[in-house]
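The structure appears below as structure tokens.
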Ligand code: 16G
Ligand code: MG
């Protein structure tokens, strides 16, 4: 690194001192915190994004958003050249950079990192970072900080895309690196063209009239609502009533996260909407859930990410079946495309059973888009969804080029045949769905097209299977990393003893399933339980929650076991090992320090 570069870095870093006493960590969705703490972090992520762009010789993205968090929070994450999440191998550098105490330690870190990664700064090809933000008021000054971070690396430049959804920015990065035009209009055009194509290939005489063309969408008072307002005027078919498109407080009693977790109507919805198909986006529009309002309460029938996944899987499996043609003609023309489904432990057990019955291959990964996405990319068609509504469909290049060729063949030999239409539908899906990342807007259009194709109401769709009752709880802890899990977060390996206790408790409940995992976004341990009825799911979740607390408190008292988790068989050494976790792990409700916690115990 030459002197000029060194001095630019030091000078600009000195304008963005980190807040004292705060530790930042690049979690499952980048850095997130109260917006007032983030200027230095966003500036530093600007540096990181510029370096990544230089290293890969490609455009990368930097998005300023805190998704479904409250409006006073904000966050920042990087989109890699593929349009996916930042490569995991750079996360430790992101952590170190965000936490560097002063400009000189920052310089040292960058210097060491560029050497280690063989990044040539001087004479490097021009680097470009696409910058986007959601509608949070703090986004404007944070965007400025990001720009200055990018500009602190010589040869790097920022291109401001303005207020965009997270998936739009990821799409733009992917498109740009494929040499395609990447403006917001290009994005809308691609969505609209492929959506219309898909509608054109709906079989005639389908029970189309059964599906109302009315849809009400909760925009979470965020960027997604705003964009959908623009898009809807160009849709033709579909009358979309967008509510909460920015006139209220972002994510407050609205949005996909609220609707999915609370299972109640979002603000501006009520019994007058009973029976109508409704959807909800999250604050940055990378999550989508559907719901219908019940006629006599503020409760809803939730159609979550698992059901969207099931609808997509059913449709794609059917199209592949049609494309491959009748059994006897399969041999020479068909390509046995691998179709895989990726879920997390949060997927409702009933959805997994349903997908298995369809004969699909199902894989579980840990929570977090980067894990699901990576796994889904191993298939010709990989569908992934989290129950919370984040998901998409990935098509392999090999499959797509085979499909293009097959489509051309069919166009010349049997234009308009069922097989030809199936090929066209699959191609349209590959263009409609955002292959960079889960996208509520493109996901919504695909759901709408498939419901039309099937001739299904939201109720019919919801009846694909019945969810098992479930309950989610969280336990506030000092240091969530004390819990270590394996098997896609379904087994706790540390502290020893917890998993056995969970198993013993779970075995008491018919269709019981339960796991705990450290959150990737806040200092809590999450508990998920599922059972044959709601009361049982609640009880299982609560007893595991209290079991976690009880196990730790019993260890503190070394032998004074007080509750159902009493384990006289726990050997002394294990109890000792568990003791080392106490300070890091469990806080009782309403306590804020470890000392206070111990006193209460
Ligand atoms: C983030 C993740 C989401 C995950 C959630 C879990 C991305 C883009 N988003 O929102 O996939 O479900 O975190 O939160 O990766 P938790 O770890 O706090 O439970
Ligand atoms: Mg989001």
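Every residue gets a Cβ built from N, Cα and C, even glycine.
Summary of the site annotation: TrEMBL records Mg(2+) binding at 282, 284, 286. Screening the candidates 58, 67, 72 against this entry identifies 67 as the one listed for that site. Same-chain residues at least 6 positions away in sequence with a Cβ under 8 Å from that of residue 67 (active site, phosphoserine intermediate) are, in sequence order, 29, 75, 134, 166, 257, 282, 283, 284, 286, 287. Considering other CB atoms within 10 Å as the measure, the emptiest surroundings among the binding-site residues 518, 520 are those of 520. Among the recorded stretches 124-177, 182-289, 475-544, the one sharing the largest number of Cβ pairs closer than 8 Å with the domain 'Phosphoacetylglucosamine mutase AMG1' (304-456) is 182-289. With DSSP classes pooled into helix, strand and coil, the tally for the domain 'Alpha-D-phosphohexomutase alpha/beta/alpha' (124-177) is 25 helix, 15 strand, 14 coil. Residues 284, taken from the binding-site residues 284, 518, 526, are distinguished by a CB atom under 6 angstroms from ligand 2. Taking a Cβ cut-off of under 6 Å from any atom of ligand 1, the binding-site residues 282, 284, 386, 518, 520 reduce to 386, 520.
Within 8 Å of the Cβ centroid of the Mg(2+) site, not counting the listed residues 67, 282, 284, 286, the chain contributes 65, 68, 134, 165, 166, 222, 224, 256, 281, 283, 285, 287, 390, 440. Counted within 10 Å of its Cβ, the other Cβ atoms near residue 286 (Mg(2+) binding site) come to 31, all protein chains included.
DSSP assigns residue 526 (substrate binding site) to a strand.
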